[in-house]
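Chemist: Here it is, the structure in full.
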Amino acid sequence: MSDDDERGEEYLFKIVIIGDSAVGKSNLLTRYARNEFNPNSKATIGVEFQTQSMLIDGKEVKAQIWDTAGQERFRAVTSAYYRGAVGALVVYDITRSSTFENVGRWLDELNTHSDTTVAKMLIGNKCDLESIRAVSVEEGKSLAESEGLFFMETSALDSTNVKTAFEMVIREIYSNISRKQLNSDSYKEELTVNRVSLVKNENEGTKTFSCCSR
C-alpha cells in the first residue's frame, strides 16, 4: 500500500472571507495562514488566497481561503468569487457599528451566489479594542442565532480565537460534506467542478455555537 493510500482521501475546500473594507479580513487570513500581523497593511486590489491543511478523521483537508483584498470598496465582488465556496466567514469590526449593520447585505450576496449548505460563521473582529467597542457580544450572538450562523469574536492583532474560528468552519464543512449522498449524478458533477474530493462519513457532525466572551 502506498503512502498516499495510507493517508486516505484528500479534500480541498474553498472558503471565502467577506465583509466591509478595513474590518481586518486580510489580517485574519495572514494571522491564520502565516501567524503574521501587519498593523500598517493596506487594501490591495484583486483576489488573494492562502491554503492551509489540517487532519480530520485521519484525512488531509486543505482549505483554500479567499480574501476579497479590497474589491468590496468598489462593490465588485462577483459570482466568480463565490463559485465553488463551501464555507464563508462574514466579518465585521466590533468598533464600527456600520460594518455590523452591513452584515445582512453580505449574507444576501453570499446566499445569492452560493449553495444553501455553505458553512457560515459571523466574526466580530478586533475584540482587543474593548474600550471602544460599538457592537456588543450579545448583538453579534443574536444576529448569528437568527441567521443560523456560528459566531465568534476574534483579534487578528493578538490571535484571539483566529485559529479556532477557521478550524471550526473547516470541520463544519467536512461534516456537511460527509452527510451528503454521493449517488446523485448532479452532486458528483458538482464535486468535479469544485475540485472537492469527498467520501461518506459514518459519524455525522453536530453543529455547535461558540462565541468569545471577554
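Each residue, glycine too, has its Cβ placed from N, Cα and C.
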Chemist: Select from 41-49, 131-139, 194-202 the stretch of residues annotated by Swiss-Prot as motif 'Effector region'.
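Modeler: From Swiss-Prot, the annotated motif 'Effector region' range turns out to be 41-49.
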Chemist: Among all protein chains shown, how many Cβ atoms are found within 10 Å of the Cβ of Ala22 (GTP binding site), not counting that one?
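Modeler: That number is 17.
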Chemist: When DSSP is mapped onto helix/strand/coil, what comes out for Lys25 (GTP binding site)?
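Modeler: The residue in question, Lys25 (GTP binding site), is helix (DSSP, three-state).
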